[in-house]
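Q: Got a structure for you, written out below as structure tokens; questions coming shortly.
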Amino acid sequence: MSSSSPSPNGASLSSPPPASPHDDSFFSPSAETAAATPATPATAATTTTFFTPVGGDPSPFSSPEAQISWPADGSLTLSWVLDLMSKFDWASRNLPPTDFPTVLPVEVFDRLVLTASKILHKEPNLVRVDLDADDDSGKDCRVVVVGDVHGQLHDVLHLLNSAGFPSENRFFVFNGDYVDRGAWGLETFLLLLAWKVFMPERVFLLRGNHESKYCTSVYGFEQEVLTKYGDRGKHVYRKCLGCFEGLPLASLIAGRVYTAHGGLFRSKPVTPSKRSKGKKNRRINSNPEVSSLSLGSLEELSKARRSVLDPPWEGLNLIPGDVLWSDPSMTPGLSPNTERGIGLLWGPDRTEEFLKRYQLKDLKG
């Protein structure tokens, strides 16, 4: 497999967000990114009302200009999360990016990311979204699977308002790519972390290929953070990278639907180690090139090492890169994804094999 740097996919939500008066000067993407990203038309729809819980009363918000503070007892409430949504929405329309710390101080950022990271790092590589099928309440459960949001804060706010907020019978699985390309990657990611902290068994955040040091340094997120937090920007960026490492790789919904940002993955090759005779302390590691690729198992996925800043595209720890970067293909079998330089291409026969092996109904990537 080629060891060249991977090229990220450019998928994002199709509906443009409301324009912000500060979008144009926010940060300067690379020429490649600018060419690949269509211009966002201006829109007058800037007063949409969000944040009224389904079947509930509006949250008692503080003034939108007020600074966000961390709860005294460290426990997030629905009102706190909705207030965060309201302030992020207001700030995105009324403040330049450099004023963002007046809305979310670094100290509050640190508490939120630390709390969320502790939850995420304890989750397995494959999170199981169980709908309590044996319980009567499980009959009315709904799972909302969300694809790439790429910093489109207003799309996420609209989605939550339209689909309904996470609740006891409404689950959300976000399939990665929270940052880059859009101007509000930081707000989008932090908002979803807040929901995760508030409802950890109802909101599941998976890792996308853009939740990596390579992609965020090239496609906008690092520059976004440095612009918003100035001399504290490097600290904030490092904390985000650490949180990215804790994001699970895939989910299994109700035991029937497999979801991952990329998709299927290879079986880990067996590479025996042997000692050379007469050399007590020397090891010779044989790492023969794999002549044929075989489909990996959920057990192998569960044992992969996901805590890496950039998933490797060579070596032995290839499953995270496969799960995040692989693409479906109409060609049968498995083959290296040479266009991306990382991950696989898998054919319809491998989809069928994977579904039958685990008695699944669907695969979403």
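Using the three backbone atoms N, Cα and C, a Cβ is placed for every residue, glycine included.
Dumping what TrEMBL says about this protein:
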type	residues	note
REGION	1-68	region 'Disordered'
COMPBIAS	1-14	compositional bias 'Low complexity'
COMPBIAS	26-53	compositional bias 'Low complexity'
DOMAIN	206-211	domain 'Serine/threonine specific protein phosphatases'
REGION	269-290	region 'Disordered'
COMPBIAS	274-283	compositional bias 'Basic residues'
Q: Roughly where does the domain 'Serine/threonine specific protein phosphatases' (206-211) sit in mean pLDDT, to the nearest integer?
A: 98
Q: In the domain 'Serine/threonine specific protein phosphatases' (206-211), how many residues does DSSP put in helix, strand and coil?
A: 0 helix, 0 strand, 6 coil
